[in-house]
Amino acid sequence: MEKFIIKGNAPLHGEITVSGAKNAAVAIIPATILAKGRCVIENVPDISDVAILLEILEHLGAKTHRLERNTLEIDTSAVDCNEVPYEFARAMRASYYFLGALLGRCFEANVSMPGGCNFGVRPIDQHLKGFTALGAEVVVDGGMIRASSNRLVGSHIHFDVVSVGATVNVMMAAVRAHGITIMENVAKEPHIVDLANFLNSMGADVRGAGTDVIKIHGVDLLRPSSYSIIPDQIEAGTYMALAAACGGNLLIKNVIPKHLESITDKLVAAGAEVAEYDDSIRVAGSPVINRVNVKTMPHPGFPTDMQPQITALLCRAGGTSIVTEGVWEGGRFKYIDELKRMGANISVDGKMAVIEGVPRLTGARVRATDLRAGAALVIAGLCAEGVTEIENIEFIERGYECIVEKLRGVGADIQKVLVPDAEAVRPAQ
Ligand SMILES: CC(=O)N[C@H]1[C@@H](OP(=O)(O)OP(=O)(O)OC[C@H]2O[C@@H](n3ccc(=O)[nH]c3=O)[C@H](O)[C@@H]2O)O[C@H](CO)[C@@H](O)[C@@H]1O
Ligand SMILES: C=C(OP(=O)(O)O)C(=O)O
């Protein structure tokens, strides 16, 4: 087990380059099996979630090869298995994208219930509703989701809630269904659009991605293609929040500024200066952080995956800020207790965190309770006085490529060290 040791308060200046989007990569990699043959995917983040997906692909019979650190060659010609067992699925959420992908490839999928960050209940009823509407028989049995069909047929599906996962999963099955599928009340996140663009590059006919309604004309055959994944909105947003929190000045490269608008808006309200360029963004933090209220919403609202990071910034704001979780029922606030160990003054009331700004945070021993919670602790540690030790960093490494190297490159004093067994805290629940 490893941990981060951070000495806070170092001035952060320079350039940081954002990697490919985790949540696009984890959809596009399973989608490669919809075609038989060799896909080349560029700008793939080198993170543990991707490594697990590649293991799953190999288990299914695909051959995967890293042409370069961020370029993958995936040959799906020999995929001959439709089962993703528990040992692969338990570590991550997106393992369940093999349901839609396998249904689309061979009309049968047996995939273990997924893991991923635990913010309380993460239902999959909308995924199953979509597969059923396409004519699949779906059974959940002994921890496995089993979906099969002699023939998928296009359908009109109105989702009860806006779900990224259900939109991705059902889109992947629908591209191979006979006839037209209309999906209403779908997610509009940048990774939805990226997946649709990838599917279209393989010969699918998906229209409307990025709006509330997606229309798909099913096709009999998809062909392999080469594709480059979009930059990671949340990684970019995390480094933007870091610059704002630490009074740093960072040029964040390889971004799509349009994807960052809701984040930019709140950072400017908090007092940061933000300058947008074609594919980079500069954030200069102010010594005085203003109080700001934030409510997370599906895209184009403020992303829930930035909720912990903006909370870390607001810990030192002048006055009271309210952060409301508008996506996840459970509130996603497990990390608040860790921030409080660092001197933050936050109370949680249902889906609301009330943050009374404090003049300073102090280093402490804390643990990441999930991926973005871990990112928030890195931000807090980098602007705290003294030394912060963050344990359970495997959560952070699910989604941030080379975070230590990138942060050291802009002046942060952060290192990754081994935790002696005797010192390790129990893992997050
Ligand atoms: C791999 C990936 O892309 N993960 C992201 C994805 O997760 P994920 O795809 O799991 O999140 P969803 O968009 O599905 O969830 C949104 C809301 O819908 C509810 N819901 C979802 C599915 C369902 O069948 N029934 C249902 O009620 C959930 O409980 C939640 O309240 O989108 C979330 C919301 O932007 C992000 O926090 C995650 O980082
Ligand atoms: C929650 C996240 O991911 P996942 O859905 O894969 O757990 C995230 O990216 O913040």
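Keep in mind that glycine also has a Cβ here, set from the backbone N, Cα and C atoms.
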**Request:** Given that TrEMBL annotates Arg122, Pro123, Ile124, Asp125, Gln126, Asp305, Val327 as UDP-N-acetyl-alpha-D-glucosamine-binding, name the residue from Arg90, Arg93, Arg360 that shares the site.
**Result:** Arg93
**Fill in**
The rounded CA-CA distance in Å from Ile124 (UDP-N-acetyl-alpha-D-glucosamine binding site) to Cys117 (2-(S-cysteinyl)pyruvic acid O-phosphothioketal) is 14
**Request:** Could you round the CA separation between Gln126 (UDP-N-acetyl-alpha-D-glucosamine binding site) and Lys22 (phosphoenolpyruvate binding site) to a whole angstrom and send it over?
**Result:** 22
**Message:** If the criterion is a C-beta within less than 6 angstroms of any ligand 1 atom, which of the recorded positions Lys22, Arg93, Cys117, Asp305 pass it? List them in sequence order.
**Reply:** Arg93, Asp305
**Asked** In whole Å, how far is Pro123 (UDP-N-acetyl-alpha-D-glucosamine binding site) from Lys22 (phosphoenolpyruvate binding site) when you measure between their Cα atoms?
**Response** 21
**Message:** Checking proximity to ligand 2 here: which recorded positions out of Cys117, Arg122, Pro123, Ile124, Gln126 have their Cβ closer than 6 Å to it?
**Reply:** Cys117
**Request:** Determine the Cβ neighbour count for Arg122 (UDP-N-acetyl-alpha-D-glucosamine binding site): the number of other Cβ atoms within 10 Å of its Cβ.
**Result:** 16
**Message:** Fewest other C-beta atoms within 10 angstroms of its own C-beta: which of the binding-site residues Asn23, Gln126 fits that?
**Reply:** Gln126
